[in-house]
Amino acid sequence: MPEPTIITIDGPAGAGKSTLAKEIAKKFGYLHLDSGALYRTIGYACVQRGVDLSDEKKVLNVARSISVELQNGKVLLNGEDVTRQIRTPEAGKWASQVAQYPEVREVVVQILRKLARGKKVVVDGRDAGSYIFPEAQLKIYLTASSQERAKRRLEELKRKGFNLSYEEVLKEIVERDRKDENRPFAPLKVPEGAVIIDSTGKTLEEVLQEVEKLIKNDP
Ligand code: CDP
Ligand code: CDP
């Protein structure tokens with residue numbers, strides 16, 4: 001089998017999806033599409049504009065009216081760099097709230113499909129392999145224990161200058177996973193044909209080696 005043109009990485013919060021996707025992009029020349037960043041930016045844009053996140057129509061209007069760009073790991077909202085602002089646990093909750101609405105999801109899906117046209121892409125998210133790109137040649141479901149995911153996320157937030165407790169971070173990701181797994185439209189699940197990788201106790205390098213074999217189709 002030739003090298004895949006579309007690679008999807010789905011899984012729960014803090015599993016290491018976007019870190020892995022970035023590494024794959026760098027090493028194998030793929031364009032990285034972080035689908036979660038789009039939901040985070042829509043949630044953030046709504047809050048900035050004072051829009052109630054339970055008002056589906058207003059949230060959809062915001063999603064349709066803003067411009068979101070993914071540029072070399074940076075996220076631009078109407079041209080403004082919001083990379084740091086969208087990474088807070090609060091922005092994760094906002095993302096999860098706006099991601100429940102099917103029409104908002106459709107806006108995001110169309111943006112991603114357009115960005116992927118004619119390119120080699122690695123896309124990370126919750127429904128990348130099950131809904132956005134069911135035709136992807138390589139689908140990965142990356143997971144890890146919730147405790148390990150909370151620990152990793154906490155370290156990452158500390159590095160970025162946010163001060164939270166382990167308990168707060170654990171609670172936030174467990175709640176968000178529950179919401180993502182139980183929403184009726186495009187929930188988080190293992191896509192058909194996906195390779196499941198449990199990264200508990202593994203370094204990023206070890207996970208990358210496993211994925212490299214899958215990309216090269218080298219058992
Ligand atoms: O995108 P997702 O929420 O799945 O996770 P992430 O934003 O990539 O964050 C994962 C964090 O765990 C990063 O700080 C990584 O350095 C770290 N990590 C990892 O990604 N993979 C491992 N096997 C071990 C740690
Ligand atoms: O980095 P982390 O895994 O914590 O979150 P993310 O990938 O940035 O996604 C934030 C939220 O957006 C998730 O909890 C989901 O509710 C939503 N999301 C989604 O519904 N579908 C996607 N393809 C990606 C994210």
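For all residues, glycine too, the Cβ spot is worked out from N, Cα and C.
Over in TrEMBL, the protein carries these features:
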| type | residues | note |
| --- | --- | --- |
| BINDING | G11, P12, A13, G14, A15, G16, K17, S18, T19 | ATP binding site |
| DOMAIN | 7-216 | domain 'Cytidylate kinase' |
* Asked: Would you say which of the binding-site residues A13, A15 has the most Cβ atoms within 10 Å of its own Cβ?
  -> A15
* **DSSP three-state assignment (helix, strand or coil) for A13 (ATP binding site)** => coil
* Number of Cβ atoms other than its own within 10 Å, given for K17 (ATP binding site) -> 28
* To do: Filter the candidate list G11, A13, A15, T19 of binding-site residues, keeping only entries whose CB is under 6 Å from an atom of ligand 2.
  => A13
* Structure fact -> Ordered by sequence, the long-range same-chain Cβ contacts of G11 (ATP binding site) under 8 Å (at least 6 apart) are K17, R126, I140, Y141, L142, T143, L188
* Structure fact -> Residues sitting within 8 A of the centre of the G11, P12, A13, G14, A15, G16, K17, S18, T19 CB atoms (ATP site), not counting those, run L20, D124, L142, A144, R149
